[in-house]
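Per Swiss-Prot, the feature active site maps to HIS359; the stated evidence is sequence analysis. As annotated by Swiss-Prot, disulfide bond applies to CYS154-CYS169, CYS339-CYS355, CYS464-CYS469, CYS487-CYS494, with the evidence given as similarity to another entry. Among the features that Swiss-Prot reports, N-linked glycosylation site is placed at ASN295, ASN371, ASN410, ASN444. Swiss-Prot lists 261-283 with the feature repeat 'PbH1 1'. If you look up Swiss-Prot, you'll see 284-322 marked as repeat 'PbH1 2'. Residues annotated as repeat 'PbH1 3' in Swiss-Prot: 323-344. What Swiss-Prot lists as repeat 'PbH1 5' is 403-425. Under the heading repeat 'PbH1 6', Swiss-Prot lists 469-492. Look at Swiss-Prot and you will find 1-16 tagged as signal peptide, backed by sequence analysis.
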Amino acid sequence: MKRSALLASFLPLALGCDSAETHSCASAFSVSSAAAASFCATFTASTVTATTGVPDVFLSNCDYKTKHLSSACSCLGTADGSAPASTPAAPAVSSSSKVGKAPAVAATRTSAIPTTFHTTAVRVPLSTSAAAAVTSQAVLPAQSSVAGNGGTTCTVTEYASISSAVASCSNILLSNINAPASSTIDLTGLQTGAAVIFAGETTFGDTYDSDFDPIVISGTDVTITGEEGHVINGNGEAYWDGEGSNGGQDKPDHFIVVKDMYNSKIENLNILNWPVHCFEIENTEYLTISGLILNNTAGDAANSKSDGDPAAHNTDGFDIKQSDFLTLSNSWVHNQDDCVAVTSGSSIVVDNLYCYGGHGLSIGSIGGKSNNTVDGVTFSNSQVINSENGCRIKSNADTTGEVYNVKYENITLSGISDYGIDIQQDYENGGATGDPTNGVKIENISFVNVKGTMSDGKDYYILCGDGSCSNFVFTDVDITGGSDDSCNYPSSGCP
């Protein structure tokens, strides 16, 4: 038995098996492993010299040569009965880094083949200051295997083929898509129960338009996910000028718009260098988001247009509004603005996030929008590192709204520069005035086991309007390193 296992482990080397990462034939067999196993059982049972009856996905990617098909079958199912696996690569951190190519076909279909992709925990390099702060805690989320939902599977490698695949396929593999300028990857017409898998590197032509949305997604019972080694590259460096959505050249304001999405999942995506806000999530119910890596590290550096400031600005990770029963978990964000910002919605859980370099975990700003009610939001088991704020609730002056039942629990802060806990009701035109108003009611707010350190600023800052704040509870809260704390509510003062 041991001898058989040992031989099996050396079989790929002995056969000279190609890597699925670099060879389209091996990749096609790896991606469609179930179909490959069925085909190879027949193909290797007898001597076959013709290419008739071979599934198109294998034929086209194996150069229409029976010897390539035979070799791929021989290499299928080695040590563990699955296709030979290659070492997973970390997400690319620059636009010049290409990642695992998927099958080089334009729009290949196979019927009723659930496709499974495997991903594992990976790391990307942090800046020196981040590594010094919490190197051991900067592990990226493990990304679990995913599967399609049956039905027709389409592999798309050309932007022009996306719309037809969305209309006719229940499983869609978007492989190394290059979306031309002013061309949205439109996933709003997905079939109920559809699955979309991003593979390779997804790129976009430069579009200097604040109303342009590079990716738009909607649907019911939909799964959006990513294959091992993929990256969705927003090409933010082409737009960054230190001003974000506050001025400068026009740039896409929202990179990925998720709207009208019900009972669906977004998981295991690697997103790099988005221009301004990354996710705009609106009008969803029972949406689950998990295992995402949002890496805007490159935006920390100044460029020729940013006048010495970080080039990226207003790069919120997740902006959530008018959404109910949403769960966001197990994700990693390095950006230059809010890690998460909830401006309206109910029954929202944000759990196990790692937030670096931005403005923390936020409610708001509330007021002056079409919907100004937040009810039932929990931030839990998360870290906010080297950011301006830790936990923040803010409302706009001279507006109305409600913020009810918000809990921050088991939150660790480190290297916070402005406010550890911050509740303000004095925002006007995007800035604080120091004069709070009471049109937005903030009630039933709790902080439980929120601890950490400041690099500067105030540990606690609470500025409520007259009578507009009530029932704040602080349990096991301990933030140190700041100075000049100021709290006008509760009457007992700061924690």
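Even glycines carry a Cβ here, placed using N, Cα and C.
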Inset, instruction - Look at each of the glycosylation sites, ASN295, ASN410, and point out the one with the fewest other Cβ atoms around it within 10 Å. - result: ASN410
Inset, instruction - Determine the most Cβ-crowded residue among the disulfide-bonded residues CYS169, CYS355, CYS469, CYS487, using a 10 Å radius around each Cβ and all protein chains in the structure. - result: CYS355
Inset, instruction - Calculate the per-residue pLDDT averaged over the repeat 'PbH1 6' (469-492) and state the result as an integer. - result: 98
Inset, instruction - State the Cα to Cα distance, in Å, between ASN410 (N-linked glycosylation site) and CYS487 (disulfide bond), rounded to an integer. - result: 22
Inset, instruction - Tally every other Cβ atom lying within 10 Å of the Cβ atom of the residue listed as 'active site'. - result: 26
Inset, instruction - Tally every other Cβ atom lying within 10 Å of the Cβ atom of CYS464 (disulfide bond). - result: 23
Inset, instruction - Consider the recorded positions CYS355, HIS359, CYS469, CYS487 and say which one has the Cα lying nearest the Cα of ASN371 (N-linked glycosylation site). - result: CYS469
Legend entry - ASN444 (N-linked glycosylation site), number of other Cβ atoms within 10 Å: 15
